[in-house]
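The active site annotation in Swiss-Prot covers D103 and is backed by similarity to another entry. The active site, proton acceptor annotation in Swiss-Prot covers E167 and is backed by similarity to another entry. Annotated Zn(2+) 1 binding site per Swiss-Prot: H101, D133, in sequence order, evidence recorded as similarity to another entry. The Zn(2+) 2 binding site annotation in Swiss-Prot covers D133, E168, H412 and is backed by similarity to another entry.
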Amino acid sequence: MASSSKALIESIGSLDKDSYVSLLSKLIGESKFVQNNPPELIPQEDLIVKHVLDSLRPYSTETGGGPLVINHVAYHSGRGNLIVEYPGSVPGKILSFVGMHMDVVTANPDDWEFDPFSLSIDGDKLRGRGTTDCLGHVALVTELMKKLGQAKPALKSTVVAVFIASEENSSIPGVGVDMLVKDKLLDKLKSGPLYWIDTADKQPCVGTGGMIPWKLQFTGKLFHSGLAHKAINAMELAMEGLKEIQARFYRDFPPHPQEEVYGFATPSTMKPTQWCYPAGGINQIPGECTVSGDVRLTPFYDVKEVITKLQEYVDDINGNIERLETRGPVSKYVLPDENLRGRLTLSFDEASAGVACNLDSPGFHVLCKATEEVVGHVKPYSITGTLPLIRDLQDEGFDVQTSGYGLMATYHAKNEYCLLTDMCQGFDVFIRIISQLEQV
């Protein structure tokens, strides 16, 4: 390690555990009010902003106590974003930590072993809703910017932190990072790596999946189950129709060679997750049912192409429904005497594309080196979970890399927690990223 890099790391030091836990306790204490599930639960992210500002204002240009430049930007009342900048000396040389969102998913206290809306400590475990996703990261990056404001290291790079509103639910548009990008408030971040801090397990996450939510309605003919030859069984139509659609999907979108390069845990998948049918007696063959599910698509396939293909499958099945496999000697999907044919109807909700991070980016190599130095090993991974906001950033020209220091096992889960030692390592990774980019 170069002496200047080592000196920078030593000047900033490690995470102040007491300060971190104190701040996180305040944030988790607000988590009940930043649950994001409209229309019932609309988060008030400014409750989180207040605590972050209380930590950083003493080291800001606003108070004259330090170099931090703070910009609180709100597009909806009570739902602010926060941009915090530590200025460097070289124009255009910049790195950023983005994605630390100030809303959380819902939690039912009756289902938890401890109060989700107050921080509790069990050894190394810091427990509560948002500790892993993502208030733990809000507190961590706040402590990073606070340390920079206190130590005032002479950096060539400008370091920017962007705390965002409205990540967990997009049903209310125009609140968070999408608006910051639209208003060009983040444009200068395109000059350097943008680290999206909202994943888990201390390793670079280099790929995420796209998502295509779909719904298939199956229409047959309801009839008495003792006269099965007079019915078109919508459930059987659903089972066989969906089986055929899945077979065609996996034929046309097989595992992609790049998935191994990126370490994806799974290839693209198309599967049902919900089944709905009208209530009726057990002696009634149903005339309709609905199956819903999703496609999880690795970023090496095009979302629009998949949507087109799925519709083609359905159109072909409808046009040749006599060829679809049946179940038993009287099972059928056509009643010629009644001029009735079974029918599939496909619809989609809003789709999003996946992300493949740039593995040739200096920002990626710096993240890997810092992770190896601190954690002891580096193993980038990819999942077909979705982070649509970072795909939008990538499409806008940002060099997005992702990492996080919570636990994947507790992400969106009951009894959520993170580990203080993991967050300490995350802080050390951040400092090494900054120090290494000083040498680039």
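Cβ coordinates are placed from backbone N, Cα and C, and glycine is handled just like the others.
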Margin query: I'd like to confirm something. Which of the recorded positions, H101, D103, D133, E167, has a Cα closest to the Cα of H412 (Zn(2+) 2 binding site)?
Written below: D133
Notebook entry, point to check: What Cα-Cα separation, expressed in whole Å, is found between E168 (Zn(2+) 2 binding site) and the residue listed as 'active site'?
Noted result: 7
Item checked: Pairwise Cα distance for E167 (active site, proton acceptor)/H101 (Zn(2+) 1 binding site) [Å, integer] -> 6
Item checked: Chain-internal residues, separated by at least six, CB under 8 A from D103 (active site) -> V34, Q35, N36, P43, E45, A165, S166, E167, E168, N169
Item checked: binding-site residues compared (H101, H412) - the one with the fewest other Cβ atoms within 10 Å -> H412
Check: Among the recorded positions listed here, D133, E167, E168, whose Cβ has the fewest other Cβ atoms inside 10 Å?
Finding: E168
Next item on the list: Kindly assign H101 (Zn(2+) 1 binding site) to one of the three DSSP-derived states: helix, strand or coil.
Entry: strand
Notebook entry, point to check: Neighbourhood of the Zn(2+) 2 site (D133, E168, H412): other residues with Cβ within 8 Å of the Cβ centroid, in order?
Noted result: V104, V105, C134, Y411
Notebook entry, point to check: Per DSSP, D133 (Zn(2+) 1 binding site) is which: helix, strand or coil?
Noted result: coil
